[in-house]
Amino acid sequence: MMPMILTVFLSNNEQILTEVPITPETTCRDVVEFCKEPGEGGCHLAEVWRGSERPIPYDHMMYEHLQKWGPRREEVKFFLRHEDSPTESSEQGARQTQEQRTQRSVVNVPGEKRTENGVGNPRVELTLSELQDMAARQQQQIENQQQMLVAKEQRLHFLKQQERRQQQSVSENEKLQKLKERVEAQENKLKKIRAMRGQVDYSKIMNGNLSAEIERFSAMFQEKKQEVQTAILRVDQLSQQLEDLKKGKLNGFQSYNGRLTGPAAVELKRLYQELQIRNQLNQEQNSKLQQQKELLNKRNMEVAMMDKRISELRERLYGKKIQLNRVNGTSSPQSPLSTSGRVAAVGPYIQVPSTGGFPLPGDPVKPQSLTIASSAAHGRSKSANDGNWPPLKQNSASVKSTQMTGDWKDSGMEGTLKQGAISSQPLPLSALGATEKLGIEIGKGPPPIPGVGKPLPPSYGTYPSSGPLGPGSTSSLERRKEGSLPRPGAGPPSRQKPAPLPPASNAPQPGSSQQIQQRISVPPSPTYPPAGPPAFPTGDGKPELPLTVAIRPFLADKGSRPQSPRKGPQTVNSSSIYSMYLQQATPPKNYQPPAHGTLNKSVKAVYGKPVLPSGSASPSPLPFLHGSLGTGTAQPQPPSDSAEKEPEQEGPSVPGEGSTVESLPRPLSPTKLTPIVHSPLRYQSDADLEALRRKLANAPRPLKKRSSITEPEGPGGPNIQKLLYQRFNTLAGGMEGTPFYQPSPSQDFVGTLADMDNGNTNANGNLDEPFPPRPTAPLPEELAPSSDANDNELPSPEPEELICPQTTHQTAEPTEDNNNNVAPVPSTEQIPSPVAEAPSEEDQVPPAPLSPVIHPPAASASKRTNLKKPNSERTGHGLRVRFNPLALLLDASLEGEFDLVQRIIYEVEDPSKPNDEGITPLHNAVCAGHHHIVKFLLDFGVNVNAADSDGWTPLHCAASCNSVHLCKQLVESGAAIFASTISDIETAADKCEEMEEGYIQCSQFLYGVQEKLGVMNKGTVYALWDYEAQNSDELSFHEGDAITILRRKDENETEWWWARLGDREGYVPKNLLGLYPRIKPRQRTLA
């Protein structure tokens, strides 16, 4: 119980006070003793309340007294009065008075004195003894009081110490209490902080996951954005082409079946639908185009008239030279033409290349034999020579010698088309139309609608004779010429040995002129004349002819067709553009290789040029291919010139030569060769092959990526048989334009198709027909689509048909891809050699380097006709080349040709089959980063865990590219996350490239999957392979089984996890497990 503190004022002024601790035992006397001075007596304690004062008796208990006041205690003040209390002093006075009275009688006090109490009785007198006694008593009292004072002081000191102790204990208790409260508060705060920290950590983890997801999505969005942009560009281009077709500017370019495919993602489906609708509309325009073709035929007649006038002018200017040309052209094909190489043999003519190059006459001479027909046939070349035409570049002047044989069917038309179209600028619509009309009128085939594959003439076989074509055809040739005229770059055809021409009068024979035109088209690309005077100087209004090029009969069967000058670069579906080398078919045993590589120019590669409408053949990108056109020596053309002029060079092919090679669209990138029109040139000599090899030696090769199957090159240069990078444009959606002009169809329609295929196989124009035409087994008609996308194009057969060689002739139209290109036979550099045809002995023998003029092999000393005999074994399809679908799939997946992948995959027996290095199409698509192809292959059910020779799976490839998106796609398709390589035993997560962009995300994802496998999804994983238990503590399982992981590792095993399958438990190897089950191969149908 806490003692109460009583404040006592020692004086009236209330300035001097003391505090007295009050306990229940404290009396008023104790308070007075505590407060009065030592030795002081007669003091009492008085309480004052509201001005009234009352003395407190000594025996009064102060504690109880204070409690009685209760709340009013603060109003009461206690004073120490230094006098006795009135009650006690009255009692003492009474006693003293009695004593004084008694003393008065005894002692007489001299003066008035007061007693100590102040009750003096002056009359009392004390004796000495009394005084002494009093003094003694007082002394004793003083001593007693002093003793009491000392005792009180001691007690007071003790009480103060006790009070201090109590206060200290109280303060300490209070402090302890406060500390306890503070500790509790801090503990509560700590708990809250810990809870908040847990929330913060969780939010950090969530934020990290979200940021990773956001990064992945942003990467996906960027990819999709790029895909959409590319799709938009493609759609714009296609829509522009469609608009041009509607306006009539582009003849014969239109995708067939409305299928324009490309590396499109799901977002592009809508765009594809729109394109399909437009293609359908284009098909509906076929009838209109046919009418337009009739008009074009009329215009061709006008062109023929113009050609006549031009020929008359030329006769005046070069009368003697023209006569010589006529004589040479008709007399012997071998004699070099002193005059311009314009002379084309109308009849099938097999030309034996002369050893020497023919010098070009100073002025290009236009052979009279060509007359209007030849001029029409060379519409472009002739015009180039004409004063009206802008001078050709010398290089471009060279004309590809073409077969004079009756195979003009394609070559003539195609040549003219190519000449016109190949020009760097697309031919004017009228020009295209003219050629197209010619093709229609001559070929009798229904005019193809631009954009719609045009049916080839019923028989595209060799054009048997130079028999005059209908005047319409001549005019169409002239029209082509007119079309070509606009192209300033067109060079006069290089001098060719005149093929034996049927006597040609100045008056053009419509048929012959067309044939000549077809055969003699001036390749726009300059070719260096092998030997002899330079090509016509551009300085002349008329470009001089390039050095004479021996005109070899172009074998229609497989020989590549020279591109008609009219043809501009063909447009190929962007998706179908992939680099391909031209593979030459083996020449027939009988075949006499033409001495001159003039035809070689027919195949051209086009690089970097924008894809032109199918109506125009794309210039060949490879300059080196063009050189052969001259005197058979391969001489590189400048790519630019070649691109523009190659068509013309090809164009000059002799009408007899039935196959012209269209220039292919140039490849997407200089490092990738665009598909070369595959024209296995028939009857190709070893010398021609050697020249081609030399040209290809410096040619850009497709980049060797992991998937490419490349044949080793021998010392002689690339193995042309194996380089045959078959144009698969048709399958890939690429367009090969058919020649505008088709000579009247002959019985051998298949042969013409083959020629077209061969000649036009160079859809990309990679080879300028560097290879002399080699005899090749005719490709199946389907395989050999008419190369020209123009009148001669046929609707494309189904992809299966395209790929499979057919033994029976089909008047069947060669397959055309959506762009009206006939589907070329798919081939890739990966294919060692055409499956269907074994290389002939000549091909197998390393060809000797070509001299400027190649002498025909002795064996082929006798002239051979290019015309195919109806019953010839070569006529059958059995020997046609068929390309390995797997090689095509491997290359298409590497190059990003989504359309080709979609089409060819059904031809592949096992899309997961690897090449000799263990590379599968999925490896290629992953390494090249083609997400849409990867997704397609995975959805198709290819083996996502196929490993190459070093154990690299597609997941390793994706990780090495730091592609999180592909890694996620592969993991979700059943990729084995713990699969390791053989050489360095590293998983995909170890293959992430630390110095490359995207390393952190890719590494985090793969390591995260490794850590979460067997933990997330309640420990459920999926077996990716079948496994039979080898020990009693192991589990057997089958692919696709859902296994629950109970323990990822223990003291005994780290690579084996303890798992449960059904009611069994045991060890399972972790590298056979995946986070997702593998996608099952889907049913193989073409649906």
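Each position is counted from 1, following the chain as shown.
Placement of Cβ uses the backbone N, Cα and C atoms for every residue, glycine included.
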Where Swiss-Prot places phosphoserine when the choices are Ser466, Ser708, Ser1036: Ser708
Annotated residue, asymmetric dimethylarginine, per Swiss-Prot; candidates Arg552, Arg701: Arg552
Local confidence of the prediction over the repeat 'ANK 2' (950-982), expressed as mean pLDDT: 94
Tally of DSSP helical, extended and coil residues in the repeat 'ANK 2' (950-982): 16 helix, 1 strand, 16 coil
